[in-house]
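*Asks:* Quick paste of what TrEMBL says about this protein:
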type: TRANSMEM; residues: 36-58; note: transmembrane segment
type: TRANSMEM; residues: 70-93; note: transmembrane segment
type: TRANSMEM; residues: 114-134; note: transmembrane segment
type: TRANSMEM; residues: 154-172; note: transmembrane segment
type: TRANSMEM; residues: 184-207; note: transmembrane segment
type: TRANSMEM; residues: 227-246; note: transmembrane segment
type: TRANSMEM; residues: 267-289; note: transmembrane segment
type: TRANSMEM; residues: 315-336; note: transmembrane segment
type: TRANSMEM; residues: 374-395; note: transmembrane segment
type: TRANSMEM; residues: 401-423; note: transmembrane segment
type: TRANSMEM; residues: 435-459; note: transmembrane segment
type: TRANSMEM; residues: 471-490; note: transmembrane segment
Amino acid sequence: MAINTEINNIEKEDTDVRLLREMGYTQELYRGFSPLMSFAFCFTAVNVLASISIGLTYSLTTGGSGVTFWSWIIGSVFTILVGLSLAEICSVYPSAGSVYHWAGQLTSAKHAPLASFICGWFNFIGNAAGDAAFSSGFATMVNAAIVINGGDSLSTGVQVAIGIGITFIWAVQNALRIDQQGWLNNLAAFFQISSTIAIVIVLFVMAPQRAAASDVFTSTYNGTGFPMGYVYCISILSTLFSFAGYEAGAHLAEETRGAGRAAPKGIVGTCICSALVGIAYILALLFAIPDVETFVTNNSGDDAPPSLVVATYQIAAPGAAAMALTILLIINLYFAGMSSITVTTRIGFAMSRDGVFPLSKYLRWIYKRTQTPLANVVLIFFVDSLLLLLQLASTTAFTDILSIATFGFQVSYLIPIFFRCTVARKTFVLGEFNLGRFGVPIAVIASIWLTITSIIMFFPAQYPVTKDNMNYTVVIAGGVLILAATYWFISARHWFVGPKRVDADSTPLPPAYVEPEDNTTKDISSEVATSRV
């Protein structure tokens, strides 16, 4: 049995290595992820328990119970459609570059460099901001635990320091070999499901009062100052952020065995499971709050608790039980942030490998002992730290970070899906996982949804709009993109050719193109050949 399993793994690895070579790349990263690990990684990176919790304050003050619930239902349906489209593309191009790589493959060779350049930068921004959101959420929940225990609330500066500190720990963990992280992700996925079940049971059983069903599904609360029609639109932010990053398995495709099927199934499975887990958790939270308006009013002002989700735990299960639930949430945030940084380092590696960043030759360096992109791990730590420091300058910085992350993800998903149903409509070759005749219609629906919701990310959440509460998404994202555009027009457009195309192997590469070099540890295919002998 063990021999047969080893032979199957060798054959899968051989197929994966060959497919990667056909895409123009050599096997540099360690391929140690099983299909189960791929799903567990996706599920952990999204971690709806943690994501919903850190976004609950925004949800309740921007719509109330009814809007929170129905935003989740609507967002779940469309997210699954987007996930199906991404999974179909991933099956054909299982590359660490994910959406960045796909954008360059699905458009014409002439426009591939610019398309992949734009898509890569958006995805990189989204992932980096997502890391910062988990770091900030972790610090907020640690602060909440201290307050529950009778301590004084930590200052913003101290919470930022905690966020940077936990980001550093996550970065150190990402120096591990990928299969070692894989077992941690398996544990994290199990822990997330177990935690959700435990929290849902506690909230339903121990809550002294429960909201009426009519309140949960139909009541609204508007703490924004804008008309309700506007609130219905911007309320989708927390739902979309909670799902953001479900393409994580695609970024680990070059480290997954049987990636052509495992990575796409991980994407779709994560979307469906996250939607179901989210419904259960949201209902438990909303039924535990008898009256949202009174609840929000009582938990606002100078003496407000650090988080409304922790305040919900306290009214449902005061004392030690609330502390226990908060600790469960902190552990989930820890696992989510660890996985999130892994994803960001992989998109950073893929972009560096193709020469997208300045100094790409150095940023693509791989640590030989663990075959991990260590230079990119360091880069991501510094980028995430800079984003966390924004909280020292603005009272709405955390909401802005959520918007930046969601906006980056949405646009980077839109570009390859849009190409799939337009320029590549008749040339797209179906992979092992495909939607058949439904592929194009689903891609069209997904493109429309992503376009609309991407625009919404720029909308302010408070009225009147001031310099302290404005949505800085357009400023931050715009600033990064201006820098990227400047780099493109001054330098990159003269030599950057985008990801290697399967239909353009004979195209000569310019002198500045960054080819795989001495940091390649060894050719996995040679290992396979040796093992067979």
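Backbone N, Cα and C define each Cβ position, glycine as well.
Keep in mind that TrEMBL annotations are predicted by a computer and have not been checked by a curator.
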*Asks:* Do the transmembrane segment (114-134) and the transmembrane segment (267-289) share at least 3 Cβ pairs closer than 8 Å, excluding pairs fewer than 6 residues apart in sequence?
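*Replies:* Contact criterion not met.
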*Asks:* What stretch of 36-58, 70-93, 227-246, 374-395, 471-490 shows the most Cβ pairs under 8 Å to the transmembrane segment (267-289)?
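*Replies:* Most contacts with the transmembrane segment (267-289): 70-93.
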*Asks:* Take the C-beta pairs under 8 A between the transmembrane segment (70-93) and each of 36-58, 227-246, 374-395, 401-423, 471-490. Which stretch has the highest count?
*Replies:* 227-246
*Asks:* Establish whether the number of Cβ pairs under 8 Å between the transmembrane segment (315-336) and the transmembrane segment (401-423) reaches at least three, counting only pairs separated by 6 or more residues.
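*Replies:* These two stretches do not touch.
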*Asks:* Output the single range from 154-172, 401-423, 471-490 maximising the number of Cβ pairs under 8 Å to the transmembrane segment (374-395).
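*Replies:* Selected stretch: 154-172, with the most Cβ pairs under 8 Å.
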